[in-house]
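Asker: This structure is in C-alpha cells; I'll ask about it shortly.
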Amino acid sequence: MQLNSTEISELIKQRIAQFNVVSEAHNEGTIVSVSDGVIRIHGLADCMQGEMISLPGNRYAIALNLERDSVGAVVMGPYADLAEGMKVKCTGRILEVPVGRGLLGRVVNTLGAPIDGKGPVDNDGFSAVEAIAPGVIDRQSVDQPVQTGYKAVDSMIPIGRGQRELIIGDRQTGKTALAIDAIINQRDSGIKCIYVAIGQKASTISNVVRKLEEHGALANTIVVVATASESAALQYLAPYAGCAMGEYFRDRGEDALIIYDDLSKQAVAYRQISLLLRRPPGREAFPGDVFYLHSRLLERAARVNADYVEAYTKGEVKGKTGSLTALPIIETQAGDVSAFVPTNVISITDGQIFLESNLFNAGIRPAVNPGISVSRVGGAAQTKIMKKLSGGIRTALAQYRELAAFSQFASDLDDATRKQLDHGQKVTELLKQKQYAPMSVAQQSLVLFAAERGYLADVELAKIGSFEAALLAYVDRDHAPLMQEINQSGGYNDEIEGKLKGILDSFKATQSW
C-alpha cells in the first residue's frame, strides 16, 4: 500500500499536534561545601535573600549570603548526610509558617509542625516569617492595660496592649516565672498568648506546658519551641515564626501577647550562623546587624488602628483595633546590663522590668528592682483605680531604700524616719507574691489601698502575709459584688473609696489574722 504525499503531510501534522512538550525551568545548583549546618552552593543564578532552597530528602535551607559566584545557606534540620556535589534547587518562596486559631492549645516547632503528639494542626493559611512592621499612620497609642496579676508589676511598671516591655535579669531570678504567670492571668481576658522557647532544655519546656495546662491557660496559648538540641538556624528563626502567628490575631482586630524566652540565646545562635558564613565580627564577636535582628522583630509588636484592621480584613472587621504586646526576656551575666545585647534591647523596648538576684535570694519574689525598672508608655494604659492607689507605693519604696542604706550608719533615728522605714519594710513584704497565684485588679487595689491608707501600721511585719490572705478571703466571702464591679470598670471615685474604707475598717475590727 502506497501513501500519497497529501496523506503523509496530514499524518505528520497529526503527530505534531499530538506531540506533548513539557519543559520545566529549574534554577539548579551544586553543593560545594558542607560545614556545621552551613552549605555553600555554586550555580544558583536567581536566588533571593531569605529564599528557601530545596535539598535532597524533603529538607530546606535558607539563603543568607548572596555572593558573586556562590550562595551561603543554613540548613533547617539535620545535615550529616549532605555531601559535596549534591544538586539543590531554588523554590522561589520565602519561608512561611501556618497561622490561625487551630494552633491555639498546641506545641509546634519553628516551622509550625506539631510536636505534642496530638495529630495535625488546623490552620487558616500561611504567613511569611519576615514581615514589615506597621507604619506610623497605621498605629494607635497604647491606652488599654495588660494585667500580669503581679502587684509589683501592675502597680509600678504597668504594661499596655501593644507595648514592648523587656524582662531582664541574671539566670534563676524568676524571669520565665513572671512571663508564665502573665500568660496564666490572660485565661479569661480574651488575650491570645504565644510563648516562644529558644534554646531551652526540652524538660524545662515540658514543665512549662504542663503548668499552663494545669492552670487552664494552654487552650488560648501557642507554644513555639526551638530546643537547645536543634540547629542554630531554627533557634534564630523561632521568634519570627511566633511573631507571624501573633500578627494573625493583631491584624484581625484582636489582642495577643507574645513572650520571647529568651532573645540572648537567639542572638548567640545568630552569631554562630554569621561566623560560619564568614561575616565580619564586631563587638563581642556579634555581627554588625545584631541590633536590626531584634529591632525588626520587636517593632512588629504594636497597637494598630481600626482603619488598618478594616483594610487588612477587606471590611470584614470594622471599628476594632488590634494589638500585639511583646515581653522579650534577656539574660544578663552577673547583673551587667551594659553588655551589647542587653543595651540594644533596652533601647528598642518601651521599658524594662529588672529582676535582681540578691533580692531573689533575700526572698523578695518577684525580685523586681523598682528603682531601675520603668514602663515608658504603660502609665497611659493603667486602670484608674490602680493609677490612683499605686502612686505612693513607688515613692515609699524609693524613700525606704534610701533610708535603709543611711540607717545602717545612724545609731538613733527620729520617729518620722522610723515610721518611713517601717512602712517601707511592710510595703516590700506586701508586694511579695507566690508563683501561679495571679491577683485580679480588685484584689490588688484593695491591698494597695490598705498600704496607702496606713492600715498596715499596727500589723506586725511577720503577719503581713497572713493579713493579706485573711483580707482577700473576707472580701471574697462578704463583698464579692464590689470586687466584681471594680474588676469590670476599673474606676475610682468617692463611693468606691468609701466602700473600700468600710471593708478595711470592719475587717480590722475582726482581728482574724
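Cβ from N, Cα, C; glycine included.
Since we're looking at a predicted model, the values are computed, not measured.
Annotation source Swiss-Prot lists ATP binding site at Gly169, Asp170, Arg171, Gln172, Thr173, Gly174, Lys175, Thr176. Sequence annotations record features per position, and here Swiss-Prot assigns site 'Required for activity' to Ser373.
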Asker: For the ATP site (Gly169, Asp170, Arg171, Gln172, Thr173, Gly174, Lys175, Thr176), what does the 8 A shell look like? I mean other same-chain residues with CB within 8 A of the CB centroid.
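Answerer: What remains near the Cβ centre is Glu331, Leu355, Ser357, Phe360, Ala367.
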Asker: Given a 10 Å Cβ-Cβ cut-off, pick out the one of the recorded positions Gln172, Thr173, Thr176, Ser373 that has the most other Cβ atoms nearby.
Answerer: Thr173
Asker: Given Thr176 (ATP binding site) and Ser373 (site 'Required for activity'), what distance in Å do their CA atoms have, once rounded to a whole number?
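Answerer: On Cα coordinates alone, these residues lie 17 Å apart.
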Asker: Could you state the whole-number distance in Å separating the C-alpha atoms of Gly169 (ATP binding site) and Ser373 (site 'Required for activity')?
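Answerer: Roughly 11 Å, rounded to the nearest whole number.
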Asker: At the level of the C-alpha atoms, what whole-angstrom distance separates Lys175 (ATP binding site) and Ser373 (site 'Required for activity')?
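Answerer: Rounded to the nearest whole number, the Cα-Cα distance is 14 Å.
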Asker: Restricting to the same chain and to sequence separations of six or more, state which residues have a Cβ under 8 Å from that of Asp170 (ATP binding site).
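Answerer: Looking at Cβ-Cβ distances below 8 Å from Asp170 (ATP binding site), excluding near sequence neighbours, one finds Glu331, Thr332, Gln333, Ala334, Gly335, Leu355, Glu356, Ser357.
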Asker: Between the Cα atoms of Gln172 (ATP binding site) and Ser373 (site 'Required for activity'), find the distance and write it as a whole number of Å.
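Answerer: The separation of the Cα atoms works out to 18 Å.
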Asker: Inside 10 Å of the Cβ of Lys175 (ATP binding site), count up the other Cβ atoms and send me the figure.
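Answerer: So the Cβ neighbour count for Lys175 (ATP binding site) comes to 25.
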Asker: Determine, to the nearest whole angstrom, how far the Cα atom of Arg171 (ATP binding site) is from the Cα atom of Ser373 (site 'Required for activity').
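Answerer: Ser373 (site 'Required for activity') has its Cα 17 Å from the Cα of Arg171 (ATP binding site).
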Asker: Taking the Cβ of Arg171 (ATP binding site) as centre, how many other Cβ atoms lie within 10 Å?
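Answerer: Its Cβ shell of radius 10 Å holds 11 other Cβ atoms.
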Asker: Please report how many Å separate the Cα atom of Thr173 (ATP binding site) from that of Ser373 (site 'Required for activity'), as a whole number.
Answerer: 15
Asker: Kindly assign Lys175 (ATP binding site) to one of the three DSSP-derived states: helix, strand or coil.
Answerer: helix
Asker: Starting from each candidate's C-beta and looking 10 angstroms out, tell me which of the binding-site residues Gly169, Gly174 has the most other C-beta atoms.
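Answerer: The most densely surrounded of these binding-site residues is Gly169.
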